[in-house]
Amino acid sequence: MAQNDKIAPQDQDSFLDDQPGVRPIPSFDDMPLHQNLLRGIYSYGFEKPSSIQQRAIAPFTRGGDIIAQAQSGTGKTGAFSIGLLQRLDFRHNLIQGLVLSPTRELALQTAEVISRIGEFLSNSSKFCETFVGGTRVQDDLRKLQAGVIVAVGTPGRVSDVIKRGALRTESLRVLVLDEADEMLSQGFADQIYEIFRFLPKDIQVALFSATMPEEVLELTKKFMRDPVRILVKRESLTLEGIKQFFIAVEEEHKLDTLMDLYETVSIAQSVIFANTRRKVDWIAEKLNQSNHTVSSMHAEMPKSDRERVMNTFRSGSSRVLVTTDLVARGIDVHHVNIVINFDLPTNKENYLHRIGRGGRYGRKGVAINFVTEKDVELLHEIEAHYHTQIDELPVDFAAYLGE
């Protein structure tokens, strides 16, 4: 387990934390946390709180609404998991916490973190359960009947079990929207608003995400009350430890360029992002034909196949994962050292989520962007948006990677 003292630091000046009640607390022991929760935190492998944890946990425990922003790989999931667990009363086997995630994989990962950090708080190992699409609704109904204190799920399935009357909302204390920018995008906004219709009016709402565009902050005014804001300056929104490069290449030469990279560079594990399911399958097929151990994943695959692919990649049995933006948000694979954007993302926010797959928890990582002539303007937009510089890949790149 990667420990928090290995998480990529965010500079104190990176935070716009001029609101009252937002001050860094450098030790978990100095936070208002139950002893059994502290046991779980240290048992999980955390030693010192990351920057976002230093700022977000204490305001979370006070019960007010929160908008918190932190880069991928900086302990964001730990921050809201700890804050959420502190707010719950484990003497009552009632559903009190709800976490909404944009993907099944992220929901499953989040539930595991909450379960492990909270293992000394509950007599039941099943106090936290997942509710996601691609599984039998009947199984979810049985989970709820047996008793759940924390529910983690995707909006569609959570909305379904609420409407069935199986997930009772009157005892809910806390709602967390993870990857809030995605959750409030056009695809999820209607489902989120539908869920809010069933929630207690005094429920605590916490939004956590790596990016928080102004339009999302405007949307939050509809359902949040005087939230504490813990935001990062835009110029700080490129991960420390991630070196970014581009290769100028025409579309028809991208595959050959990719093959050349894998022939000349020693890569521990890498993620390749493409923008369509068809291209993902094609890249994976070509790499496998060239004797590379490659896995591929996209949203149209069955849930069981996606879980199998992720387990294979996490274990190191597969060293290359080709995927769409499905895994760009929050999927934890600690040994990825190179991210390749075979296609530049269509949306600037997803660039940050993608390159966050490399160099997680303070490790050195590299992002390589394949840029066609028509992509040049988008590349400049990404540089301007994050106040960063993306250099052309040096000729001696293999030597650089071996440093």
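Using the three backbone atoms N, Cα and C, a Cβ is placed for every residue, glycine included.
The model shown is predicted, which means the values in this text are computed figures rather than measured ones.
Swiss-Prot lists motif 'Q motif' for one of the ranges 26-54, 113-141, 345-373, namely 26-54. Of the candidate ranges 1-29, 291-319, Swiss-Prot annotates residues 1-29 with the feature region 'Disordered'. Feature motif 'DEAD box', per Swiss-Prot, maps to range 178-181 of the set 86-89, 178-181, 226-229, 334-337.
Helix first, then strand, then coil: DSSP counts for the motif 'Q motif' (26-54) stand at 17 helix, 0 strand, 12 coil. Here the domain 'Helicase C-terminal' (241-401) has a mean pLDDT of 84 out of 100. Long-range Cβ proximity for LYS76 (ATP binding site), meaning a same-chain Cβ under 8 A and a gap of 6 or more residues, is found for ILE52, ALA68, ALA70, PHE208, SER209, ALA210. According to its DSSP assignment, THR74 (ATP binding site) is coil.
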